[in-house]
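Colleague: One structure is given below, represented as structure tokens, and several questions about it will come after.
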Amino acid sequence: MAKLNSCFQRLFVFFNLLFAIVGGVIIGLGLLGQFAYNDSTSEFENQSKGFLVMYLVGGITMAMSLLGAYGAHREKRIPLIVFLVACFIGCFGLLRLAVPTAMYRSEMMQIVEAKFREGLPLNEASPDVRQFTERIQLNLKCCGLFSYTDWGNNVPDSCLCQGEDDQMEGTCLNIPYRLLFLSEYRMTGHQKLIYKQTCFPILEGYLAKALDILLGVSFGFAALALLGAVMSAVLLAQLRSSTVGVPVVFSVSSHPSKFSFSSHPPKYTELYNEPEKTEK
């Protein structure tokens, strides 16, 4: 069996075991997210595709990491070669995702804003869109996507300031009473208090942070995948250089039709010339 640098070999195994743990964490986060999503709502079925991607990424990461650790521990070339190819493919795929996202980030934000504007006015939108928007308004304490007038003349009760603290902080806005959809809430003369902040700027900020996290994770994993490929290439080079080949000797006999191969080193004999005999 070929001998590798023990320190480098252990470092490579530790590197892959750490990556396997990361893959398991990704799968665990996907499971937790799916359970939480199923418990809270079931309106948007397309969300399940995101969890499927997390399972796929986590499973592939764990499998390739364990394969690389096995190849380094047992000093096997084929697992290391497969790991090397997988690292190069993963690095290329992550860069293919991250680089265009970073280059066209502003255009993506404009597309998202245009998609939200297509749902206006909110009072004429589908029930799913209205419920989704009202849930955002309750959680983020905002009203409307771009303005409270997105609701037309039917501003819902989710826009109303719910506590005295909100009023003290100056986060509320007075609007005419006739614009409110319900009539059982707090009035100030002929006006009512709604949240001044609109929802889309808050969502845009969250989306920008999500893109930053995505880009950071993508570039980070691409760098680690490239590092794994380099380390596996070094191990393969050590395996190749530490394998000593046995010399093969090709000899030709005196007979012109006979050739022979031998794996043993040639035997050397001392050659000398006999002294010539002189005539007496």
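For all residues, glycine too, the Cβ spot is worked out from N, Cα and C.
Pulled the feature table from TrEMBL, pasting it below:
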| type | residues | note |
| --- | --- | --- |
| TRANSMEM | 12-32 | transmembrane segment |
| TRANSMEM | 52-71 | transmembrane segment |
| TRANSMEM | 78-99 | transmembrane segment |
| DISULFID | Cys142-Cys172 | disulfide bond |
| DISULFID | Cys143-Cys161 | disulfide bond |
| TRANSMEM | 213-237 | transmembrane segment |
Colleague: Is the transmembrane segment (52-71) packed against any residues at least 6 beyond its ends, judged by a Cβ distance under 8 Å, and which are they?
Modeller: 12-13, 16-20, 22-27, 29-30, 33, 77-80, 82-83, 86-87, 90, 228, 232, 235
Colleague: Could you state the CA-to-CA distance between Cys143 (disulfide bond) and Cys172 (disulfide bond) to the nearest Å?
Modeller: 10
Colleague: Taking just the CA atoms, what is the gap between Cys161 (disulfide bond) and Cys172 (disulfide bond) in Å?
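Modeller: Spelling it out, the Cα of Cys161 (disulfide bond) and the Cα of Cys172 (disulfide bond) are 6 Å apart.
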Colleague: Could you tally the C-beta atoms, other than its own, that fall within 10 angstroms of the C-beta of Cys142 (disulfide bond)?
Modeller: 24
